[in-house]
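Read the structure below first, then the notes.
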Amino acid sequence: MAGGGQVVLRTLSQQGWVRGSGAAVLSRLQDAAVVRPGFLSTAEEETLSRELEPELRRRRYEYDHWDAAIHGFRETEKSRWSEASRAILRRVQAAAFGPGQTLLSSVHVLDLEPQGYIKPHVDSIKFCGSTIAGLSLLSPSVMRLVHTQEPGEWLELLLEPGSLYILRGSARYDFSHEILRDEESFFGERRIPRGRRISVICRSLPEGMGPGEPGQLPPAC
């Protein structure tokens, strides 16, 4: 990430998963932008991938998202899952959402081709509530968050296959977020080669919406 100032690296199990422009932004977002590496076992990753592949294969990659936020993608909303996958999604709900939060009944599945990427954007409150939680499959990637008013304040998340990321509150509404394209995919000085990436995204209910109400697909990561 370009820019001056001190770069701070938070480490977990002797490896860095979150890095930022300084201690203040890391402190501010320590509970609002969370990475849990190794959340899925290899078998669980394969369970989700096998279930999603037939449905995704029927769709073509697109290059013009409705709000121009995503390039090289295909996506779907999925509400019917095998029991094995439902068990995984229940673990996501327990890990990321509070007891008072209701989830949207459909799960957003986003498939980025190797050269696909998500441009910086801020989520709309029309499409999902205060929390989103995403499982990363197939390829590592780097998510970058930048403060909308103070671009010198930024955070980067290393999302490896099998990891869970959680964005809440300020991380979603005060910061833009993006998935870096392959040629920009670095975590500090470490190159993170991009391949095809699937994210499985659970979302809390927007305020005032019933859990079964349909909505336009959000530009979620």
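Cβ from N, Cα, C; glycine included.
Listed in Swiss-Prot for this protein:
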- HIS121, ASP123, HIS177: Fe cation binding site (BINDING)
- TYR165, ARG197, ILE198, SER199, ARG203: 2-oxoglutarate binding site (BINDING)
- 1-23: transit peptide (TRANSIT)
Least Cβ-crowded entry, counting other Cβ within 10 Å, from the binding-site residues listed as HIS121, HIS177, ILE198: HIS121
Does ARG197 (2-oxoglutarate binding site) have same-chain partners at least 6 apart in sequence with Cβ under 8 Å from its own Cβ, and which are they? ASP111, LEU112, GLY116, SER136, LEU137, LEU138, SER139, SER141, ILE179
Row SER199 (2-oxoglutarate binding site), column other C-beta within 10 angstroms, all chains, value 23
For ASP123 (Fe cation binding site), the spatially nearest of the binding-site residues TYR165, ILE198, SER199, ARG203, using Cα atoms, is ARG203
Cα separation, HIS177 (Fe cation binding site) to TYR165 (2-oxoglutarate binding site) (Å, whole number): 12
Please classify the secondary structure at ARG197 (2-oxoglutarate binding site) using three-state DSSP. strand
Taking only the CA atoms, the spacing between ILE198 (2-oxoglutarate binding site) and HIS121 (Fe cation binding site), expressed in whole angstrom, is 19
Could you give the Cα-Cα distance between SER199 (2-oxoglutarate binding site) and HIS177 (Fe cation binding site), in whole Å? 15
Per-residue Cβ crowding (10 Å cut-off), top of binding-site residues ASP123, TYR165, ARG203: TYR165
Spatial separation of HIS177 (Fe cation binding site) from ARG203 (2-oxoglutarate binding site) - C-alpha basis, Å: 16
